[in-house]
Amino acid sequence: MNSENFRLSEKLVSASYVRQGLDARRGHEQLIRRLLDQGKCPEEGWSESTIELFLNELAVMDSNNFLGNCGVGEREGRVASSLVARRHYRLIHGIGRSGDIAAVQPKAAGSSLLNKITNSVVLDVLKLTGVRSVSSCFVVPMATGMSLTLCFLTLRHRRPKARYILWPRIDQKSCFKSMVTAGFEPVVIENVLEGDELRTNLEEVERKIEEFGAENTLCVHSTTSCFAPRVPDRLEELSVLCAKHDIPHIVNNAYGVQPSKCMHLIQQGARVGRIDAFVQSLDKNFVVPVGGAIIAGFDENFIQEISKIYPGRASASPSLDVLITLLTLGANGYKKLLADRKELYGHLAQELSALAARHGERLLKTPHNPISLAMSLNHLEAHSSSAVTQLGSMLFTRQVSGARVVPLGVQQTVSGHTFSGFMSHSEAYPCPYLNAASAIGITKGDVTVCMKRLGKCLKILKKEKSDPADLEAEDGELEESPQRSTELRV
């Protein structure tokens, strides 16, 4: 409906009623106009009707939705299922062109506009969460590991002689495989134990730079968000080292948008030294389905290089999901989710510490990790050599997801490299432990039920001379699950 159509409507319905409808329409259009003009996440969230109006307006700009379109090419946005078409709001062409994921498609002005506005809104959110000097970013329809691979492949063209990537150890398979998949040799830098925390071994990083030579080193691959007792890398010091030796620096910021501490580390690292790109997951930070990531950096030209190395067009689904989510939440709604997460981190730490004390364990002191917590399992291991691993399976079968039990002495081979003490980020961490995290979307009910079930499992495992059937019988029924929706309320 445009102004002319509203005027014609006055022949059929009272003019005062039509004008009221026109004013309502203009309210939606004003929000859309502001978004297109500023390219920023709106302060307050939009209604679903405004979002759907906007998406439908974008869809009619794509050639597959032209009323008189005649397509004779091999890719014409045809979809056999109307359900699939509705799932994608009839935005079928995806994003980018064969030579650049950020390029505009002549046949898909609406999808191209979706891509541009999503990248702009996401850039605004990265700034408001703490990395204020970030200059460019784009959403890529791959998860964190493959997005890191894309960054490494881009650096290959800049540093053709380079063979090695210096990587402070974090026991997570995808980030290790991202380097191997790109064709490089990871140089694993073992962490150093400071109190309970595992921290970056800066001296070893510098020794490896001198050993292999800066010209043979593709980059330093550091990490912010991670499982305790490992803590975020010393980004400022690593960034200074990279600037000193003229070595690129890629940061795995997988779920680091949530805590301001991780974003502050990136901002400070870029200020005092060198950070070329940082990569973050969409699902971990923006509560959307798995399948997308944000590649961001401080040099617009380098970020464009990364986007141009992506071969072919790409799915628009991750871009569509995160745009809908951020328009629904608005900047204020998203900041509230972050504030709630931070508050519940303190609550989780308090509850886990109290539970640990009741069972002769302790909460490991990891103040530099803003998301993940760890509770020792020394007494449980002393009671039974198999109890630690059994605890993990018991929690999973009792519908406690995300809790991570780490025994001692596990060996794991990943892409040809054998890690000792795998999952603990260290060859010889002093004790087994259990991880729990306060990530975006967690509720107080999650914490309460988790503590009840964990406490019951620990009590059962410490009962001596009980067979598995007895343990299951004593466990009884599951406590009532926290009443929750799959949708977040802000």
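First residue shown is number 1, and so on along the chain.
From the backbone N, Cα and C atoms, a Cβ is placed for every residue, glycine too.
Keep in mind that this is a model prediction, so the values were computed, not measured.
Annotated pyridoxal 5'-phosphate binding site per Swiss-Prot: ARG75, in sequence order. Sequence annotations record features per position, and here Swiss-Prot assigns substrate binding site to ARG97, SER98, GLN105, ARG313 based on similarity to another entry. Residues or ranges marked as tRNA binding site by Swiss-Prot: ARG271, ARG398, LYS463. The compositional bias 'Acidic residues' annotation in Swiss-Prot covers 469-480. For LYS284, the entry in Swiss-Prot reads N6-(pyridoxal phosphate)lysine, with the evidence type similarity to another entry. Marked as region 'Tetramerization' by Swiss-Prot: 1-44. Here Swiss-Prot flags 96-106 as region 'Phosphate loop (P-loop)'. Per Swiss-Prot, the feature region 'Disordered' maps to 466-490.
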DSSP three-state assignment for SER98 (substrate binding site): coil
Listed in sequence order, residues not in ARG97, SER98, GLN105, ARG313 with Cβ within 8 Å of the centre of the substrate site Cβ atoms: GLY94, ILE95, GLY96, GLY99, ASP100, ALA103, GLY312
DSSP three-state assignment for ARG271 (tRNA binding site): helix
Secondary structure content of the region 'Tetramerization' (1-44), with strand meaning DSSP E or B: 31 helix, 0 strand, 13 coil
Euclidean distance between Cα atoms of LYS284 (N6-(pyridoxal phosphate)lysine) and SER98 (substrate binding site), Å: 29
Candidate nearest LYS463 (tRNA binding site) in space, where candidates are the recorded positions ARG75, ARG97, GLN105, LYS284, ARG313 and distance is Cα-Cα: LYS284
Assigned conformation of ARG75 (pyridoxal 5'-phosphate binding site) - DSSP reduced to three states: coil
Euclidean distance between Cα atoms of ARG75 (pyridoxal 5'-phosphate binding site) and GLN105 (substrate binding site), Å: 12
Packing count at GLN105 (substrate binding site) (other Cβ atoms within 10 Å of its Cβ): 19
Greatest C-beta neighbour count within 10 angstroms, which of the binding-site residues ARG75, ARG398, LYS463: ARG398
Tertiary neighbours of the residue listed as 'N6-(pyridoxal phosphate)lysine' (same chain, Cβ under 8 Å, six or more apart): SER225, ALA254, TYR255, GLN258, ALA439, ILE440
Those residues of the chain, 6+ apart, with a Cβ under 8 Å from that of ARG271 (tRNA binding site): SER133
Largest inter-residue Cα distance among ARG97, SER98, GLN105, ARG313 [record-listed substrate binders, Å]: 10
Diameter of the tRNA binding set by C-alpha atoms, the set being ARG271, ARG398, LYS463, in angstrom: 55
